[in-house]
Amino acid sequence: MKKKRAFLLSLFLFFLLAAVYYIVTLQASDDTEFDSRSLPASSVVPNTASTTAEEYRRVANGTEGPTLEISTRSLETRETEDKLTIERQQQVKNMIKHAWDGYEKYAMGQNELKPISRTHNSRSMFSSSPIGATLVDSLDTLYVAGLMDEYNRAKKWVKDHFDISQVSSGLSFFEVNIRFIGGFISAYQLTGEEVFKDKAIEVAKRFNPAFNTQSGLPKPIVKMKTGETEFWGWIPGQCSLLSELGTLHLEYQSLSYLSNDKSYLEKVLRIRNKLRAVRSSEGFYYTMFSIQSGHWCNRHVSLGAYSDSFYEYLLKVWLLTNKEDTESKDMFYEAIDALDTRMFEFVSEKKLFVISDLRNGQRDGKMQHLACFAGGMFALASVHATNGKSQHYMDIAKNITRTCHESYVSSVTKLGPDIFGIGSSGKVNNVNPKYILRPETVESYFYLWRLTRDPMYREWGWELVQALEKYCKVSTGGYTGLRNVNSPDSRDDEQQTFFLSETLKYLYLLFSDDKVVSLDEWVFNTEGHPLRIINQK
């Protein structure tokens with residue numbers, strides 16, 4: 001009898017515990033709509049409605065981060081949005097293929113495509129020598145987009161045909177560095193193909209004569225065949241551009257790391273040390289510098305042509321070195337704070353934010369499309385800042401990008417002019433109305449999407465996709481720029497190399513998962529080529 005009572009008591013306790021477990025489990029399932037572990041990692045994101053730039057900064061620096069919140073949207077809504085994003089990514093992939101197909105069919109191995117004429121551009125900045133500028137600029141884009149057949153054919157051309165040594169006319173050190181050296185390093189780091197590392201080193205060695213100057217700072221032009229060096233004839237006083245001097249560091253730092261040859265890094269550190277020593281009392285770096293006298297050639301400050309990537313590289317060198325090069329960081333934040341003080345202003349009833357050039361202390365009231373990259377730069381500056389100004393930098397990033405977007409949607413074609421001003425009513429006035437497939441605005445969309453998760457930036461990117469398809473696509477292959485964004489028929493018959501290396505790459509990444517070329521692992525050079533962060537602990 002006692003055994004029976006004990007058995008019944010045990011059975012009762014078992015069902016009691018089971019009932020309690022069921023109730024607790026049911027309550028937990030009511031509190032959480034679904035288990036985040038059943039979703040891809042990218043589905044669990046910072047609560048962007050309340051996450052500040054300061055919180056993003058703490059995440060970037062590995063300290064306290066924002067609270068993660070599991071989305072309460074229905075699975076059906078999320079699946080619909082994911083499907084839309086995938087469809088948009090596929091559309092951009094199709095555009096990459098269309099741009100490449102036109103080049104491969106009508107200009108393979110040449111430098112640029114003339115898509116309407118269905119031939120190559122013999123007046124390219126790289127001369128008429130067929131050194132495959134578009135092809136090299138496209139390698140990493142083709143690979144990242146998964147266009148493997150196209151990538152493999154491009155790789156074969158590099159192995160079989162690429163030879164820069166016989167080019168007799170002068171080549172721009174700046175342009176070859178960001179497109180060829182940067183493009184080859186990126187292709188090597190993405191794929192592991194040794195041929196690309198070898199080509200990067202080969203090209204860099206061809207530019208060694210540029211550094212044979214009294215100051216050790218490079219001349220801007222080198223003739224590959226003879227090793228002769230030159231200054232630009234159109235710049236008075238044999239002066240060099242700030243962007244040309246300051247936009248070697250990412251690539252040369254990477255070369256030193258990959259080749260175990262410190263001479264590349266020594267060359268660019270010499271440039272940086274000299275420029276830092278002569279910055280103005282306000283912290284400005286002017287657009288032209290004499291490598292012979294060691295003095296500035298003007299009093300012109302810009303975040304556009306002649307200067308833009310100098311500032312970009314100060315920030316990105318710090319990031320490339322896994323934040324070990326703190327001198328680069330200090331120079332960057334000092335410089336952008338100086339720019340913020342004098343060059344940025346809100347204008348018009350719409351409170352649009354304009355970055356004007358500063359000429360002899362006066363704003364010129366015009367904004368260049370080139371300066372639209374600064375939205376992305378300030379967003380990066382925000383999340384990595386340690387000076388208490390993270391929110392301020394993020395506000396600048398958003399305001400710059402909003403103004404650049406306004407310059408696009410204000411035109412007939414919804415494409416942005418090369419230079420514009422803003423009237424008192426907020427009307428965009430086109431100073432130079434051409435659109436040459438430039439990437440700077442979508443570059444900022446990409447960074448702001450990655451760093452804020454605001455879907456508005458994806459929508460703005462999709463607007464650009466639609467405009468490119470409607471006004472720039474050439475049915476037989478490739479895309480063309482426009483001479484006037486308010487004149488749809490003003491096609492210029494040129495597909496710039498950066499359309500594939502930057503514009504389409506940033507659009508593709510805008511609609512990709514964050515793990516595709518993660519900003520935690522890669523730093524983009526100014527031509528859109530991702531370089532792997534080094535010295536990671």
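Cβ from N, Cα, C; glycine included.
The disulfide entry in TrEMBL for Cys372 points, among Cys297, Cys404, to Cys404. Taking the Cβ of Cys372 (disulfide bond) as centre and 10 Å as the limit, one finds 29 other Cβ atoms among all the protein chains shown. Classification of Thr526 (Ca(2+) binding site) by DSSP places it in coil, neither helical nor stranded. Here the C-alpha separation of Cys372 (disulfide bond) and Thr526 (Ca(2+) binding site) works out to 13 Å.
Cys404 (disulfide bond) is 18 Å away from Thr526 (Ca(2+) binding site) when you measure Cα to Cα. Listed in sequence order, the residues of the same chain lying 6 or more apart from Cys404 (disulfide bond) and placing their CB within less than 8 Å of its CB are His369, Cys372, Gly375, Gly416, Glu440, Thr441, Ser444.
Packing around Thr526 (Ca(2+) binding site) is summarised by its Cβ count: 26 other Cβ atoms lie within 10 angstroms of its Cβ, all protein chains included.
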